[in-house]
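To start, the structure under review is shown below, and the notes come after it.
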Amino acid sequence: MEISGFFAVLSPSFCSGLWLNLLFKQFLISKTKLFRQVNAVLHVFLNMSQIEFPLHLASRLGNLDAVQQLIEGGAEINEVDSSGLTALHVATFSQHKKVAKYLLAHGADLNAIETYQQETPLNISTGINDHEMVRLLIEAGANMQCLDISGNMPIHIAAKKGYLNIVECFLENGINVDILNEISKMTPLHMAACGGYIEVVDYLLLNNANVHLKDCRSRSSIHHGVLGGKAKIVKMLIEKGVDVNVEDINWTPLHLACRHGNLEIVKLLLENGAVYDNRQGKSRNYSPLLVAIEMGHLEIIKYFISIGVDVNFSTNNEDYTLLHAACTNTQAQVQIEIVKLLIENGADVNKKTLSKGATPLYCAINRMRPYVAELLILNGADLKQSKYKGNSLLSIALNNVERNYEEINRFCGNWSEQTDSMEIARVIIKYTVLIYNPIKTIIQDGCPFFRAFLQYYNDCQKEITSMKSMIIKNTNVSLYRIICDSNKGNNAFVQYIRNDNIKNELQNIEDYLKEFSIYGNILPLVQHWVKKGFQRMELLAHADVMMKKLAPQLPSEIRWKVLDYLNMSDLKIMIQSDFFKYK
C-alpha cells in the first residue's frame, strides 16, 4: 500500500509532522531495532510521555476506513499502549460501534484487561452507559463476570451508576441478581440503594434480589438505602421484610440516618420499629440520638424529644448523657441551640459520669466552649460540683490558658486575649465571685496574664459591692442578698418570697440588673434560683404539715429550723414516703 494513499483516508489532524513520523514509523520500521531507536529519540526530543499508535488514533476518531487499511497493512490489532488500552478499548470508550464490530470480526481480544484499572471493553462500555455497545460485546461473547481493580463486575458498575437498561441487559443474559463484588462483597442491590437509584432498586427487587445479604462491613441493603438518602428506597426494602434493627460492624440503620441528618428516614425507621434505646448488641453504648447530637442535627433531636425520648437518657455504663455529648462533640455552630434545647426539656446540668465524675460544665470547659459554659451556669450548673479529679474549674481553666498560650506561641506566635481559653477563665472568675464572694483574690500570681485576670476579678468585685448597696424597692433587702439567698435556697429566701413587696419586685429584677456591665446578663440564673426557691417553699410547707402532726407542741420556728437542714431531695423523699404517718 502506498503511504500517500493511506494518508488520504485520514482526517487532516493526522497530517501534522508528528503523525507523519508516527505513521512512517508504523509502516516502514515497525518491529525493528531502528523503530526502538526512533521511539527513544522521539521520547527525548519531543518530550512525549505517551505515543498514540495510529490504530488507536483511528479507532478513537471512528475512522473505519483508516482502521481497515491499518489492519490490512499489518497493524497489531491487540497491541496495547502505555495505559494498557487496545484499539477495542479505545473504540468502545469513544462509542464507535462500527469500528468495534470490525475489530471484533478481525480478532480483537474481547476480554483484554491490561489497563491500570483492569477494565475490559465491557467494563468501559458499561461505565459510560453505552447500552448498544454492551449488547454488542455480550453477543460477541464478552465475559460478564470480569473483575476490575475494585472487584466490580460490569453489573456492579451499572447498578452503582444507576444504568437501568444495562442492569436489565445483564440479568436477561443470565447474571445472578445477587452476585457479589469480589472485594466489598456488595451486591447490585447494595450499590443501587447506596446510589439512591429508585428504578434500579425496584427492578432488582422485582427480580427477587435478597434484601438480607451483608457486605464485608456487615451492612445489609437497608444500611445502603439509608446511606443513599432516599426514603422511598428504605420503604421499599422495609416492605420486602428487611430487619430495620440489623447491625453492621457498629451501627444500625437508625444510627446512619442520624449521622447523615436525614429526618425523613429517621421518622420512617422509628415508625417501623427501629430501636433508639440500644441496650443490647454492638451499638449498646452509643445511641442514635447521641450520634445526631454529636453531628449537630437539631431537627432530628427535636423530633426525638417530641416523641417522648428522655433527655437524660444514656446508653452506656458511664452515665454519659446527651448533654455531656452536646457539650463535648457537637459542631460549634449549632452547639448552643442543642444545649439550650436539652436544658429546656429537663436535662440535668449537674449529672456526673460514673468513672471520672465529669459534669457537662467540665466538658464545656475542657473543650473551651465559653458560651456553652456560661449557658450551663445560668441554668444552674454548680461550679463546686463540677470539680474534676480534685481540681477546681478555675484551676482547670487557668491551666488551659497556659497550655493554649504555649501552643500558640510555639506554632504561630499570634496570641490574642480574646481566645476561647481566656473567655472560659473569665466566665469562671465571674461566677465564682458572684456565687461565693471570696474574700481573698482567687487569681494566683504567676499564671499567664495575671494582671489582666486580676483586673477582671477586681471589676467583678466592684459590681458585687454595688449590688450590696442596691436596695430592693419598699424593702430593706439588697439585690445581692436576694441573689445570694436565692442561690442557697435556704429558709431566709423562702421568707423573702413570702414578702409581697419582694415577691413583686422579683418580677422586675431585670431592671435592677441593667446597671451592671459584667452581671447584666444573669437574669436567667436569678430566675432559675427563684424558681427553685418557690419549689422549696412548696416542699417545706408540705413537710411542715407532716412534722406538725408528729410534734404539734413544737413552735413553727423550730420546725422550720430543723427542715432547713434538708435539701430538696431529702424533702421530696420525706413527703413521698409520708415519713411521719406511722409515728
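Cβ coordinates come from backbone N, Cα and C, glycine included.
Going by TrEMBL, these are the annotated features:
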DOMAIN    475-575  domain 'PRANC'
REPEAT    50-82  repeat 'ANK'
REPEAT    83-115  repeat 'ANK'
REPEAT    117-149  repeat 'ANK'
REPEAT    150-182  repeat 'ANK'
REPEAT    184-216  repeat 'ANK'
REPEAT    217-249  repeat 'ANK'
REPEAT    249-281  repeat 'ANK'
REPEAT    284-316  repeat 'ANK'
REPEAT    318-354  repeat 'ANK'
REPEAT    356-388  repeat 'ANK'
Whole-number mean of pLDDT values that fall within the repeat 'ANK' (217-249): 97
Long-range environment of the repeat 'ANK' (150-182) - Cβ separation under 8 angstroms, sequence gap at least 6: 117, 122-123, 126-127, 129, 131, 134-135, 138, 144, 188-189, 191-192, 194-197, 199-200, 203-204, 207-210, 213, 215
Chain residues outside the repeat 'ANK' (356-388) and at least six past its termini with a C-beta under 8 angstroms from it: 321, 323-324, 326-328, 332, 335-336, 339-340, 343, 347, 349-350, 396-397, 400, 404, 420-421, 423-424, 426-428, 431-432, 435-436, 521-522, 524-525, 528-529, 532
